[in-house]
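To start, the structure under review is shown below, and the notes come after it.
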Amino acid sequence: MHSLFQFLRIIDLAGMSRYRWILALLAIFYSSLSICTASIVRPISESHRSAALELFVPVDESFGSLENTYEALRTLEILGLEKTYDISRATCKAVLERLGSSSSTTKDLFYALKVNGILKCQIEAINFEGIASNMLAVLKNANSLPDFYYSIGSLLLIKKHGFEVILQDADGAFHSIKALSQSDGRWRYDSNGAESSTYAAGLALEALAGIVYLADSEVDQSMIGVVKNDIVKLFDIIKSYNDGTLYFNDKYVHSSDYKSPLEISAAVVRGVTSFAEVSSGKLNIPGNKILGLAKFFLSIGVPGSSKDLFHQIESLSCLENNRIYIPLVISLPGTVLSLTSRDQLKVDVTTVFGAAAPPLTVKLVQAFNSNSEGKPIIENQELHFDKENSIHYLDIASLKMDVGKYRLIFEVSLHNLEDESNYATGGLTSFSAFFTGSIKIDKGELAILNSDGGSVETIEKLDLSKDSSLSLSANHLQKFRLSFQLTTPLGHTFKPHQVFLKLRHETKVEHLFVIDSSARQYKLILDFLGLVEKFYYLSGKYDIELTVGDATMENSFLRTLGFVELDLPEPPEKAAQPPPQPADPYLRYGPKEEITHIFRAPEKRPPKELSLAFLALTFLPLIGFIIGLIRLGVNLKFFPSSPGPAAFSILFHAGIAAVLLLYGLFWLKLDLFTALKALCFLGPFLVFVGHRTLSHLASTSAKLKSS
């Protein structure tokens, strides 16, 4: 909504720190009243396809359980996105496992067959005759509605797959399900359950439709007639909103049994449309109720969960082509029309998936202005039809419509009588729309009045089409007056939703005043004598800002008018102090104060020569060790020659070298704890190999002495 967004931008630019939250609440409240009172209904669009691609994303070539997989595949198939993902390999493997397992439940088999119906898996090895035989046995012994639903649904899918399925006792199965029905059109889940359910009614009708389809002979027509009456009773308890939107719901005793109105309504739609396909004649359901259900599914918009999107899309797919009534949805591509741009009023009539409607006429029956007090501005205007774009339109420039909020009431009339029995148009449809325009602003004045009867001391003309820089002065005994006129394109007085004057003191203290209209003029008079306490006795310069905004005013504005220099009396001793001004939140993102720090002076160290002399002393033990080895005449004459002792001797000397290396690393980079940890491993190793080496040398020495 262009004008509303422009007005909200004005509020943001105003920077009214103390009152910004008040203006925001007012704007939100206004927009909630301004936006249409009826739910916005539009056909399925690209937004739904984008949502489907976001919500249905396979993980490891799988959507999860077979039930979730079917919901994803069915939704993508209806939306024309079935080739987006290739999950055949992993999913068909799961289908084969379910169909070939003897432990699979009827629900597992049901969804496996549904997934296979979409993917067309290569399952020639599956014994469908055996599955059909098992399902017939389950159907024969079934005593609950889910057992009937899943077994009949599985048999129906097997038959559609090309295998022969014969349901011999169709009347018996039909009677067994019908025995669970209630007088109000709802169904029980089993014969022992006392509670009836609308959701169960949808399952029951879908199961009954499957029985009629599978029956080897015609089902008793009197029983079909009874079920038709049950459907009529079911639609008698349908719930509604004020805008004609209809939906089904249940009363729940246990929260674990809860199902949303969307899920319940989807089950009923699937059941009713399925039964309508197999029964002769037409169900006695009014077209406006079918259209009301379509409006309910479309008014959801784009659901945020994958399951809700599946129920919405599949239900609308059932309504798109059914034998009761095909709902036609009337929508406005735009609900904000500019008189300045000479926009056209456009109306689109399509099916729920956006398919073209049959030949028809759209008439603007009545148009009410929010200020017209019940008198229509326009009556019985037939819209033109643009064949190229398949849209109905009306030029509003010739209608002499003024700016404002309007309630538009349309009527759709089909050209062919045959179409009236196939399509539901819903009679009169109401929409809210805004007609925006440029408002004329003139006769602007700023004046300073004396207290002696209101004589004018200073008066300045205002051009409110641009900012001004007027300079005024006043004291506490004078008055301030601002006046201007607002006129619509048709010359009527315009009353915008927001008209404010703000005075901002040089200390950033702000004061806000609402300007009221008087006759054909907006006028504000400020008596400074009565405002000295509100102004906290602050003399000085006050900036003047004027804000005028409305959702239908294309030239909403925030204007700086100048300033007034106020001379107020000195504050009394107990006068109220100005409130502290809130800190600018953006200041925390600015540069921080520089931190200065004086580091501690380094401690006095010994001379460099002394340090080098101490380093030389540390090498004396190593030099003495080497000299001692030379003096002792160390040699390798007695180094073991046999492999075992030689290996231990090599490891012993390598261990000594490793200890020396560890000492070196300790001096260079390692800390004490790390060196001790390494020494804990090297020490025992060195003791072991050293003991073996010295034992061998002692043994060798003893042998030499004995010889």
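The backbone N, Cα and C atoms fix where each Cβ goes, and this holds for glycine too.
Record features, source TrEMBL:
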type	residues	note
TRANSMEM	21-41	transmembrane segment
DOMAIN	44-320	domain 'Ribophorin II N-terminal'
DOMAIN	328-427	domain 'Ribophorin II second'
DOMAIN	445-566	domain 'Ribophorin II third'
DOMAIN	599-699	domain 'Ribophorin II C-terminal'
TRANSMEM	610-634	transmembrane segment
TRANSMEM	646-666	transmembrane segment
TRANSMEM	672-689	transmembrane segment
Cβ pairs under 8 Å between the domain 'Ribophorin II third' (445-566) and the domain 'Ribophorin II second' (328-427), at least three: yes
I'd like the per-state residue tally for the domain 'Ribophorin II third' (445-566) from DSSP, helix first, then strand, then coil. 4 helix, 72 strand, 46 coil
On the domain 'Ribophorin II third' (445-566), the mean of the pLDDT values is 92
Using DSSP, what is the helix/strand/coil residue split across the domain 'Ribophorin II second' (328-427)? 7 helix, 50 strand, 43 coil
